Structures are given as C-alpha cells and as structure tokens.
Amino acid sequence: MPQRSVVEAPNPLREGLRIKQSPEPCVMVIFGSTGDLTHRKLLPALYNLALEHPLPAGFSVVGFARRPYDDETFRQQALDSVNEFSRQKPVNPQVWESFASGLFYLQSNFHDPAGYEKLANLLNKLDQERGTSGNRIFYLSTPPSQYPEIIQNLGAAGLNRNRKGWTRIIVEKPFGHDLPSARELNRQIGKVFKEEQIYRIDHYLGKETVQNILVFRLANGIFEPIWNRRYVDHVQITVAENIGIEGRGAYYEESGAIRDMVQNHMLQLLTLVAMEPPIAFEANAVHDEKVKVLHALQPLVGRDVINNTIRAQYGSGWVSGHQVPGYLEENGVNPASTTETYVAMKLFIDNWRWAGVPFYLRTGKHLPKRVTEIAIQFKTAPLMLFKRSDAQGQVEPNTLTLRIQPDEGISLKFGAKVPGTDMQIRSVNMDFFYGSSFVRQQPEAYERLLLDCMLGDSTLFTRRDEVEAAWTFVQGILDEWQNEPRSSILTYESGTWGPQAADEFIWRDGYRWRRP
Ligand code: BG6
C-alpha cells in the first residue's frame, strides 16, 4: 500500500492571490508604542516579517508615546515582546540585531505640536541615514479618544503627505462608538488624509482562514452555483470565546459584545460569505460588493430588535476547570451594568441571492470553548426515498462548516449508508484540515495586514462606506436596547453555551444551535 506522505505544499493563500512583491523601504510610526497591542501583536508581527519575508532594507519603526523611554529601552521592550509573543521562537540573533537597529523611540505627549516637529526631523534623518525614501506609515494604536488630536497634529506638521514618497495611516479598532461617532471620525481623518491613504484595520480579515472563504467560494466551480436561497436553508456564524473580559473592564463597559465583535468581525465574516463575486480581486471591487451586502441587511428596528436579538451577561461559573467570577464582579465593571457579553441575533439579507434565508449570529465570552465557525446548512433532498422505518435515525441535512479557528479547516456533512444488509443511514464528514494539508505555520493576522499596508493593498482593510454601513445596521439595535429596562438583560452561567432563551430563540424557527 502506498505510504501517505505529508508534502509541504505551497500555501495558495500566500502564493496564489498576489504577485509576490517586496515593499519599498519605509518607516512605521507607532502612536501608543508602549501599549498592549504593540507589545503583543505589532512588534512580534514585524519581527516575523523580518524573519520570513524580507522586510525592505532600512525598514524602521519609531515608537511615539508618553513614557520616558529612549531607543535602548524601546529595543529592550521590543525584545521582551518578541521573546514572549513571537510565532517563531527562539529569536534569531542575526535577524534580531538587524531589526533592532531600525527601532527608535520618541517621547512626547500626543497633543504637543513640538513632538510632531521632532518626529518630522527624525523621519527626515531616517530617510537620509536608512534610505527610507520618504515612505511613512502612521499606526494609531492609542485609545480612540486620542485619534483626533494625533490626526490633527500630523496634518498641522505637514506629515499627512510628503513630496518624496507615500504616506499611509492605519487606524485600529474600535472605529467609533456608534454611527455618529464613526461618521465624525471618518470626517476628521478625511480632512487630513485621502481615502486611499487610510487603512482601517479589522484583524479578522488578516486571518488566513477568513481569506480562504473567498478562495473556497470563488476559486472552485462547484460551490458557487449552490450558494444561494435555492439551496441554502440557513447559516450560523459563531464566534465563541472561553476567555472573559481579561481585565479590560473599563473598555468593555463602553463596548459590549455587539460593538466589540458584531459590528466589525462578525459583520465582516457575514459579508465574505454573502457577497457577490467581485469583478476583480482588487480593493475597491471587493469593497463594493461587501458594502452591497451591508446595505441589503434588513434593518432591525423597534419590536424587530426584541424579537430577533438576545443579549446576556455571564454570571459566575467554571471555564476550562477554573472558577470564574460573573461579569458584574469584574474589576472596572459597574455592579448595575447592562453591558452584554453575549449576543445572538437573526438577520436577513434582502437581495436576490439571499431573500428569506435566515443568518443566525452568536458571540459570547466565557463560553465552554474558543471556536469561530461558519456553518451553511443546505436544504434537504426534495424527496426522501429512504423511509424513516428503514433508516435508523433521521437523515440530517448537509452542512458545510468553515472552521476559522482553532482546528482550521472545512468539513462537509452528508448521509452515508452504514455497511450491512439493511438500509441504515448515518451522517459522516468529509474533512480538510489546514494543519495536515499545509505543513507550514500560518502567519499571524497582523503580519499579513502590516505587509499589505506597506505594499499599498487595502483589500483586507475596511473602506469608509463599509464601516458606516455596518454601524447603520448596529445602530438600530443599540437604540432599541437603550430603551429596554435592566431586566431585559439575561444571565448565563460561565462555561455554558449562553442563556436558555438563546436556545428557545432558534428552536422557534425549528433549528438548534450547533455544538461546535
Ligand atoms: C478583539 C476583541 O477585537 O477580538 C476581543 O476586542 C476579542 O474582545 C478578540 O477577544 C478576539 O480575537 P481573536 O483573534 O482571538 O478571535
């Protein structure tokens, strides 16, 4: 029998979709460089890019923050970040040395114009000494309340454009707190930067498996013809987390699950599943189709919100063998808070492809496990030839599951005959696992996104109208929830799959939530 061998195949997500290019020499200025995101994600991602994709010669990072550090302390901090959070370990001393020689620190308040003058001088110096050619990326990784003053100061210092090279700005989430604030932020950035300079980040779009949704749909001939209301019965999108709010009480109180996960990550997943094929795999063509899905969302307003959404908070309980406190007992949380840590909702997309197909979304913290998946349940066969008296148990509908994380892969459930003289049917799975087909490690989402920004490719970022369309849908829900009394917030025990009402919510339609 031939031996099954694991071949290190090229990853089509890396190799196939984009002509391989190296970014031009550039500098990335990180505002808020002493914060958690820089420490856990940005510096490790840049180091991994240095290790794997040759970053351009002279690539430099300027940390801009308030703490009294110097270049040396910033480099030491960066080394700590990489040692702790890098995907690739241990640190390669040669790569590190060359990477660290391009790290610089500038201490300043975000509101102080003198700090931006110093920044302009430093950037000019780096252009000359490290050959960065006037190409700049500004990364806003501070609390969002500081975005407006940073943007304004960049403009006032003339750093929003440069005669010699290109200038881009990356804006971290949360992008606004509601529709008016998102519009206002767009307006403020738009006064200083042109839309093609603005990269609004949603790290879910940098995940390999999220990009694979489009590859799966559009690089294969057999799925697209059945990807519509004639064949699809309903869709379930689950983003479950076993972690709680992880000490981020103050942030989460202002956010809640709908702002933290639904407005951005989950609606992005939805658009990729539901969009029409774009005319090209190119930023504006992709954004155009995603925006159409968001515009086609049936608005949830008034009573529809009550009937089509469930929100709840975790109580105490046990998660992964640990006893955990309830949300109201977390640090920084108001004991009378009505902020939700779980949301389930049903929505419809009013267009020809999806009219009448329910999309069920749910996300929550302190659920039994971490899992993100999209399950497409297809309609049953038009005529069941195998009567229930012959078949043991029910013939389950076909379900295609795109597993985003962990155990990344795709599986298709179908009915098969159990070997034997009688006609028993059982559901079986056809499985694809990333881990076994592509032996290589997947890059972290931030690696892909930072590299794309350096290359000037904004396909995996969100456009102005896209963010506003997502907020428009969410705003209707927020408005209605605000009018609801405290008692409408349910509680679920930590370590369970959410409140009982969420099960009843989907049973009413004759379905049940998947147990991933
Ligand atoms: C962030 C949210 O955007 O996404 C967090 O603020 C959440 O609350 C995180 O935990 C989930 O991301 P991931 O990549 O771990 O699924």
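The count begins at 1 with the first shown residue.
The backbone N, Cα and C atoms fix where each Cβ goes, and this holds for glycine too.
Straight from TrEMBL, the features:
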- 29-212: domain 'Glucose-6-phosphate dehydrogenase NAD-binding' (DOMAIN)
- R66, K173: NADP(+) binding site (BINDING)
- H203, K207, E241, D260, K365: substrate binding site (BINDING)
- 214-514: domain 'Glucose-6-phosphate dehydrogenase C-terminal' (DOMAIN)
- H265: active site, proton acceptor (ACT_SITE)
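Sequence features, as recorded in TrEMBL, placed on the structure.
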residue	record	DSSP class
R66	NADP(+) binding site	coil
K173	NADP(+) binding site	coil
H203	substrate binding site	helix
E241	substrate binding site	coil
D260	substrate binding site	helix
H265	active site, proton acceptor	helix
K365	substrate binding site	coil
*Of H203, K207, E241, which binding-site residues come within 10 Å of H265 (active site, proton acceptor), going by C-alpha to C-alpha distance?*
H203
*Relative to ligand 1, which of the binding-site residues R66, K207, D260, K365 have a Cβ found under 6 Å from one of its atoms?*
D260
*Which Cβ among the binding-site residues (E241, D260) has the fewest C-beta neighbours inside 10 Å?*
E241
*So how many other Cβ atoms are close to R66 (NADP(+) binding site), meaning within 10 Å of its Cβ?*
15
_Need this for a regression test: binding-site residues H203, K207, E241, D260, K365, filtered to those with Cα within 10 Å of K173 (NADP(+) binding site). What's left?_
H203, D260
*Listed substrate-binding residues H203, K207, E241, D260, K365 - what's their greatest C-alpha to C-alpha distance in Å?*
20
*asked:* Please give me the CB contact count at 10 A for K365 (substrate binding site), counting all chains in the structure.
replied: 24
*So what's the average pLDDT for the domain 'Glucose-6-phosphate dehydrogenase C-terminal' (214-514)?*
93
